[in-house]
Amino acid sequence: MAANISLISSGTSPYTVIYQVILVQVLVSVFLCINLLLISTFSKQEFFYTTTRYILFAVTLFSDSLFLIITDIMYILIYFRFTVQMWLCLIMCIFLSLYTFATPVTLTAMTLERYVAICRPLHHAELCSTRKAVHCILIIHCISSVPFIVIFSIFIDSAAHSFYTDNNKCNMDIFIVHKWQSHLWYAISQFYFLIMCIAIVCSYIKIMKVAKCASGENKKSSWKGLRTVALHALQLLLCLIQLWCPFIEAVISQINVMMYVNIRYFNYITFILAPRCLSPLIYGLRDDRFSRGLKHYFLCGLYKTWSEE
């Protein structure tokens with residue numbers, strides 16, 4: 001959320017700013033509470049942390065939680081004109097970049113796991129073992145690291161040592177030394193999301209074919225998997241739109257300052273915060289085991305069905 005402070009403060013009343021900040025804090029707090037409750041549920045039963053799809057789900061929860069915390073910190077710093085030392089800003093931006101990509105890459109991995117489970121059930125135990133899940137997590141973080149390594153290595157190579165101890169407003173734009181870096185960032189982002197969209201669409205088509213041919217419980221399981229993949233596609237689309245937002249905002253900033261401020265705030269709520277609450281909706285509330293676990297812990301053990309299984 002690398003907003004321009006002078007633009008935000010020039011035409012927005014203090015009451016509006018405070019209302020917007022409070023709304024963001026409420027939303028972030030709710031999403032974090034849900035994520036922490038789900039992470040707690042995940043850690044309570046061995047079945048969850050020995051099953052690949054739940055392990056990947058926990059990775060998305062962890063990634064989304066860190067992403068929400070970092071974006072919220074930067075949001076507050078920007079809106080209240082706080083300055084920080086640039087070494088700290090650099091660390092926050094590196095993690096922000098990493099977990100911007102980690103969630104959609106993990107969603108793609110979760111979609112492929114559902115594809116294997118439904119379309120290649122005989123190979124599922126071999127391809128989706130706990131050991132393979134750990135390797136998958138490492139690959140996810142390596143893939144997600146490429147954009148910030150490319151961008152920030154160029155900056156680190158050219159920045160003076162004194163820069164890191166300077167106090168300044170923190171946003172990603174500070175670390176874009178050359179204009180072509182920005183184009184390179186968006187090119188890498190679009191390439192990533194093109195590959196992920198192809199993987200999800202192909203998985204959706206394959207699962208749909210299996211669902212049409214299946215019967216009984218297999219048919220029910222296949223159609224549920226199909227709906228899950230569709231929701232993954234929606235979340236990926238929201239993440240993709242997040243990358244298009246700066247282009248739209250750049251055009252609007254030249255037309256109307258207040259519209260630019262309002263659009264940035266709308267984009268932050270809709271395309272940065274909202275996608276991070278879909279993961280709990282998809283697996284935490286729709287999954288039978290997780291929903292029973294949530295009821296059990298939310299009701300302080302009064303819900304006995306899950307614990308007795």
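For all residues, glycine too, the Cβ spot is worked out from N, Cα and C.
TrEMBL: automatically predicted annotations, no manual curation.
Listed in TrEMBL:
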- 34-283: domain 'G-protein coupled receptors family 1 profile' (DOMAIN)
- 17-42: transmembrane segment (TRANSMEM)
- 54-78: transmembrane segment (TRANSMEM)
- 84-112: transmembrane segment (TRANSMEM)
- 133-156: transmembrane segment (TRANSMEM)
- 184-205: transmembrane segment (TRANSMEM)
- 226-245: transmembrane segment (TRANSMEM)
- 265-285: transmembrane segment (TRANSMEM)
Notebook entry, point to check: Which one, 17-42, 133-156, 184-205, has the most C-beta pairs under 8 Å toward the transmembrane segment (54-78)?
Noted result: 17-42
Notebook entry, point to check: Could you give the mean pLDDT over the domain 'G-protein coupled receptors family 1 profile' (34-283), rounded to a whole number?
Noted result: 82
